[in-house]
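Peer 1: Okay, so Swiss-Prot annotates it like this:
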{"type": "ACT_SITE", "residues": "Cys167", "note": "active site, nucleophile"}
{"type": "ACT_SITE", "residues": "His450", "note": "active site, proton acceptor"}
{"type": "BINDING", "residues": "Cys6, His8, Cys94, Cys97", "note": "Zn(2+) 1 binding site"}
{"type": "BINDING", "residues": "Cys46, Cys49, Cys67, His71", "note": "Zn(2+) 2 binding site"}
{"type": "BINDING", "residues": "Cys59, Cys62, His75, His81", "note": "Zn(2+) 3 binding site"}
{"type": "DOMAIN", "residues": "158-491", "note": "domain 'USP'"}
{"type": "ZN_FING", "residues": "4-120", "note": "zinc finger"}
Amino acid sequence: MSETGCRHYQSYVKEHSYDTFRVIDAYFAACVNRDARERKAIHCNCFECGSYGIQLYACLHCIYFGCRGAHITSHLRSKKHNVALELSHGTLYCYACRDFIYDARSREYALINRKLEAKDLQKSIGWVPWVPTTKETNLLLANARRRLVRPNQTIGLRGLLNLGATCFMNCIVQALVHTPLLSDYFMSDRHDCGSKSSHKCLVCEVSRLFQEFYSGSRSPLSLHRLLHLIWNHAKHLAGYEQQDAHEFFIATLDVLHRHCVKAKAEHESKSNSSGSGSGTNSSNSSSSHCYGQCNCIIDQIFTGMLQSDVVCQACNGVSTTYDPFWDISLDLGETTTHGGVTPKTLIDCLERYTRAEHLGSAAKIKCSTCKSYQESTKQFSLRTLPSVVSFHLKRFEHSALIDRKISSFIQFPVEFDMTPFMSEKKNAYGDFRFSLYAVVNHVGTIDTGHYTAYVRHQKDTWVKCDDHVITMASLKQVLDSEGYLLFYHKNVLEYE
């Protein structure tokens, strides 16, 4: 790999120098002064369709602006021009390579322009160019050719050894490893433990597991270290008897959440120790699940907000409370109202979950509006949704009379819209469509059985994970399965 990373850009610079890049970056990407900002607002639009906004490109060979996709691509192809500048972030694109490219000299000029922009706006610079380390440079030199993961490749698929009734753990790990946002986080090496005893950190162990899954090896993995860590931090799961997969899932999220918060607190404590000496004590917050106060990767992906509205039947006064959730547990048994109907689909379950429930005379509560004890109704709705929604179908029923497993078939969709279940349906902002990517199943009775999982490996490829055995599966097999835990990923992510 050359210093520029692209021989086409190297040829361009020899012929045209950096002058055009410096001008376009200064006036249409960085906008170094007020005149540049006004010029961009007036003239920076696609020459073909006239669109403004993000994802506009400027051809560095001639005076042409085109939007991402057909227009800039058509221009570069027809004119036999190779290099364009993306104007939102100032990144170089080579049409011949079909990729964004890096050039050290261009980055130096771009940084100068960003400093001028920051000075003109009287703000700190919020953009820093990527400068590869020696290690990264060597990796790039050794891997100059791009590697494509094709649909028929099995990278990311690993069987998991059953250590003695640990199928409940294996299927949850398969679901977590195939959670796209979680995979992006751990595969980009975002976790920095900062602890002297990283061998006790569950986040470090999960990070190592992700690396193992995507190492290219096909031999089954042993999760003995993960199991040991869970036993140490969730004592109720310790032992070799069969455990509940849902309980293990929630316990794993809780321990990961606590360890993420602890790692952050230790970093802050180290930085504060060199200042005023007043360290940060987060021992209490590390064990709490505080929605809106924690930005760890677990809460960013899995935490949503449940809204509960209690309506007084006397004065119609409404008392609203909010609670964070990591999953939604749905009843499958017969209802005591509506003719004792049992749900047939996931939508039926959600409709029953969000239906107003009359609390009755035996459960009167004091109304904060009329200041008296009155009968009331209670209704759940979803205030906010996480990036990943996990549904727990409550198939194991425990009562004073009988313990049983509900094996009735519940139809669940590949994709569906959660808007009808939001607290503010009419004013709900955003896209609430979700796609199925993992299903955990239980085969057997309430006393004994076996867990397996279906996971989406590629866009249209599903596999069945049965401990150390991984086999291809059809979508029909997935949708025909019983379903115990259902994992859905949001189709469109909003970034703040």
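Placed from the backbone N, Cα and C atoms, the Cβ positions cover glycine too.
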Peer 1: Does DSSP give His8 (Zn(2+) 1 binding site) helix, strand or coil?
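Peer 2: In three-state terms, His8 (Zn(2+) 1 binding site) counts as helix.
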Peer 1: Provide, as an integer number of angstrom, the distance between the C-alpha atoms of His8 (Zn(2+) 1 binding site) and His81 (Zn(2+) 3 binding site).
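Peer 2: So the Cα of His81 (Zn(2+) 3 binding site) lies 10 Å away from that of His8 (Zn(2+) 1 binding site).
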Peer 1: Using other CB atoms within 10 angstroms as the count, which residue among the binding-site residues His8, His71, His81 scores least?
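Peer 2: Comparing Cβ neighbour counts within 10 Å for the binding-site residues His8, His71, His81 gives His8.
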Peer 1: Averaged over the domain 'USP' (158-491), what pLDDT does the predicted model reach?
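Peer 2: Mean pLDDT for the domain 'USP' (158-491): 84.
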Peer 1: So, in DSSP terms, is Cys46 (Zn(2+) 2 binding site) helix, strand, or coil?
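Peer 2: Reduced to three states, the DSSP call for Cys46 (Zn(2+) 2 binding site) is coil.
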Peer 1: Determine the minimum-neighbour residue: among Cys6, Cys67, Cys94, Cys97, Cys167, listed as recorded positions, which Cβ has the fewest other Cβ atoms within 10 angstroms?
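Peer 2: Among the recorded positions Cys6, Cys67, Cys94, Cys97, Cys167, the sparsest Cβ neighbourhood within 10 Å belongs to Cys97.
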Peer 1: Using a 10 Å cut-off, grab the number of neighbouring Cβ atoms around the Cβ of Cys62 (Zn(2+) 3 binding site), all chains included.
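Peer 2: For Cys62 (Zn(2+) 3 binding site), the count of other Cβ atoms within 10 Å is 10.
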Peer 1: What Cα-Cα separation, expressed in whole Å, is found between Cys46 (Zn(2+) 2 binding site) and Cys97 (Zn(2+) 1 binding site)?
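Peer 2: So the Cα of Cys97 (Zn(2+) 1 binding site) lies 23 Å away from that of Cys46 (Zn(2+) 2 binding site).
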Peer 1: Select the closest residue to Cys94 (Zn(2+) 1 binding site) from the following recorded positions, measuring between CA atoms: Cys49, Cys59, Cys67, His71, Cys167.
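Peer 2: Nearest by Cα distance to Cys94 (Zn(2+) 1 binding site): Cys59.
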Peer 1: Tell me which residues of the chain lie with their Cβ under 8 angstroms from that of Cys59 (Zn(2+) 3 binding site), as long as they are six or more apart in sequence?
Peer 2: Phe65, Gly66, Ile72, His75, Leu76, Lys79, His81, Val83, Ala84
Peer 1: Between the Cα atoms of Cys67 (Zn(2+) 2 binding site) and Cys97 (Zn(2+) 1 binding site), find the distance and write it as a whole number of Å.
Peer 2: 19
Peer 1: Within 10 Å of the residue listed as 'active site, proton acceptor' by C-alpha distance: pick out those among the recorded positions Cys6, Cys49, His71, Cys167, and say none if nothing qualifies.
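Peer 2: Among Cys6, Cys49, His71, Cys167, the ones whose Cα sits within 10 Å of that of the residue listed as 'active site, proton acceptor' are Cys167.
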